[in-house]
Amino acid sequence: MRGSLCLALAASILHVSLQGEFQRKLYKDLVKNYNPLERPVANDSLPLTVYFSLSLLQIMDVDEKNQVLTTNIWLQMTWTDHYLQWNASEYPGVKTVRFPDGQIWKPDILLYNSADERFDATFHTNVLVNSSGHCQYLPPGIFKSSCYIDVRWFPFDVQQCKLKFGSWSYGGWSLDLQMQEADISGYIPNGEWDLVGVLGKRSEKFYECCKEPYPDVTFTVSIRRRTLYYGLNLLIPCVLISALALLVFLLPADSGEKISLGITVLLSLTVFMLLVAEIMPATSDSVPLIAQYFASTMIIVGLSVVVTVIVLQYHHHDPDGGKMPKWTRVVLLNWCAWFLRMKRPGEDKVRPACQHNERRCSLASVEMSAVAGPPATNGNLLYIGFRGLDTMHCAPTPDSGVVCGRVACSPTHDEHLLHAGQPSEGDPDLAKILEEVRYIAHRFRCQDESEAVCSEWKFAACVVDRLCLMAFSVFTILCTIGILMSAPNFVEAVSKDFA
């Protein structure tokens with residue numbers, strides 16, 4: 001038993017020592033007279049075929065401002081080295097050998113659109129070679145490539161970033177670069193971007209320096225932005241802020257906060273606009289979709305502030321500034337009020353105006369009744385005058401627009417009546433009393449007329465507020481739906497990211 005174990009152990013040791021000896025001998029035979037600068041082909045007039053592919057492991061970063069894509073990629077290059085072939089029977093147990101960087105020939109394939117400071121960002125690994133001379137080179141690397149970022153549909157955008165690989169010094173007559181499909185089976189998902197696909201294309205390009213074509217392999221990485229983050233942090237707050245701007249038209253003009261609310265909303269949108277500008281590239285090729293929405297919302301809010309100033313001007317209009325123009329009264333108080341189904345306060349409770357031919361204001365009757373009375377009633381003359389004024393009704397003028405007949409009494413007609421009924425010169429007390437009555441009546445008439453003018457302007461301000469509320473609401477809804485849904489993949493982004 002012990003003898004058999006000893007024999008087995010000795011055989012295994014002898015086998016290992018023999019295998020190590022064969023491998024050492026193979027390395028010595030292969031590198032003997034081998035020149036890493038020589039292209040390993042049997043016929044120098046024929047090109048060496050190199051098969052190229054890549055494995056995309058991770059999208060690490062997409063820098064929109066600097067337009068740089070950072071990816072974790074494993075390159076895959078295979079070719080046949082004519083000088084690295086051996087007979088497997090002469091070297092039993094040695095199936096593959098590995099050569100470090102610089103010891104054998106390798107294709108100088110680089111990323112053409114590299115944005116890395118070192119340009120070549122690969123980690124140079126060993127080259128795996130089998131007995132038939134088949135070489136396999138798998139260098140990993142963190143690649144930074146320049147990528148044109150089209151922010152037109154941000155944040156519902158899909159980017160197409162290209163990775164162009166090719167030999168830096170070998171032309172198509174010396175090195176035939178062939179493409180193989182990219183491998184994304186080991187891809188690690190990214191929190192900001194979804195990988196749509198990786199498509200490869202081989203092409204040949206002629207440069208002015210050389211007559212021979214230079215083949216290259218271009219892999220197009222298609223990625224779609226995940227919009228949940230931007231929707232919660234930019235879009236939804238903007239929609240809410242634009243909705244708050246509509247509250248400007250619901251605030252009463254006497255509150256004194258209409259302008260403050262409009263300016264506050266405008267400043268809030270400006271802050272969000274600055275946040276978008278910080279992450280977007282400084283390009284004039286296209287305006288981002290979210291910037292278009294912010295700009296339209298800012299225009300709406302800015303116009304609401306302007307309209308609010310007009311509303312406040314109407315509401316606090318000075319009666320001494322004149323009556324409302326006829327066209328303004330027709331447009332606002334008639335057409336717009338009818339369209340908005342608005343009625344003036346107290347419009348249904350109008351005192352009936354007097355008829356021109358039947359009952360007119362007559363201060364003379366008051367005066368004559370006071371004069372015809374006995375002397376004992378002189379102490380109640382002021383009371384009689386007030387009673388007469390209180391029961392007076394006058395017809396409105398056609399251009400006044402005031403429905404209360406008492407307000408629109410013609411001062412010239414009343415003064416004529418008062419002067420027509422002047423008392424005799426022998427009664428100075430009655431003359432003074434009637435003079436005071438005329439003054440009080442004139443003050444009441446002016447006060448009522450001013451209140452009527454103010455009421456007209458205030459009602460016009462309410463009509464403008466209601467009209468702008470409806471118009472701005474419709475415009476805001478149309479802008480929100482029209483701009484955001486114009487993105488080609490809006491429905492796909494909402495269904496995948498917000499579901």
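All positions are counted from 1 along the displayed chain.
Glycine too: its Cβ is placed from the backbone N, Cα and C atoms.
Taken residue by residue with DSSP, Ser169 (Ca(2+) binding site) is part of neither helix nor strand, so it is coil. The Ca(2+) binding site annotation in Swiss-Prot covers Arg39, Val41, Ser169, Tyr207 and rests on similarity to another entry.
Here Swiss-Prot flags Cys147-Cys161 (among others) as disulfide bond. Other C-beta atoms found within 10 angstroms of the C-beta of Cys161 (disulfide bond) number 22, with every protein chain shown included. Look at Cys161 (disulfide bond): DSSP puts it in a strand.
Around Cys210 (disulfide bond), a 10 Å sphere centred on its CB holds 11 further CB atoms from the protein chains shown. Per Swiss-Prot, the feature disulfide bond maps to Cys209-Cys210 (among others); the stated evidence is similarity to another entry.
DSSP classifies Asn43 (N-linked glycosylation site) as coil under the three-state reduction. Summarising the environment of Asn43 (N-linked glycosylation site), the number of other Cβ atoms within 10 Å of its Cβ, over all protein chains shown, is 7. Look at Swiss-Prot and you will find Asn43 (among others) tagged as N-linked glycosylation site, backed by sequence analysis.
For Asn87 (N-linked glycosylation site), the same-chain residues that are 6 or more apart in sequence and have a Cβ closer than 8 Å to its Cβ are Ser131. Per Swiss-Prot, N-linked glycosylation site is recorded for Asn87 (among others).
If you look up Swiss-Prot, you'll see Asn130 (among others) marked as N-linked glycosylation site. When secondary structure is read from DSSP and collapsed to three states, Asn130 (N-linked glycosylation site) falls in the strand class.
Here Swiss-Prot flags 1-19 as signal peptide.
For 20-230, the entry in Swiss-Prot reads topological domain 'Extracellular', with the evidence type sequence analysis.
Annotated topological domain 'Cytoplasmic' per Swiss-Prot: 313-466, in sequence order.
Cys161 (disulfide bond) sits 23 Å from Tyr207 (Ca(2+) binding site), taking the C-alpha atoms as the reference points. In this structure, Cys209 (disulfide bond) belongs to neither helix nor strand by DSSP; it is coil. Contacts of Val41 (Ca(2+) binding site) defined by a Cβ separation under 8 A and a same-chain sequence distance of 6+ are given as Pro47, Leu48, His82, in order along the sequence. In this structure the C-alpha atoms belonging to Cys147 (disulfide bond) and Asn43 (N-linked glycosylation site) are separated by 40 Å. Cys209 (disulfide bond) and Asn43 (N-linked glycosylation site) are 25 Å apart (CA-CA, integer value). Taking Cα separation as the measure, Cys210 (disulfide bond) is nearest to Ser169 of the recorded positions Arg39, Asn130, Ser169.
Each of the recorded positions Asn130, Ser169 was scored by the other Cβ atoms within 10 Å of its Cβ; the lowest score goes to Ser169.
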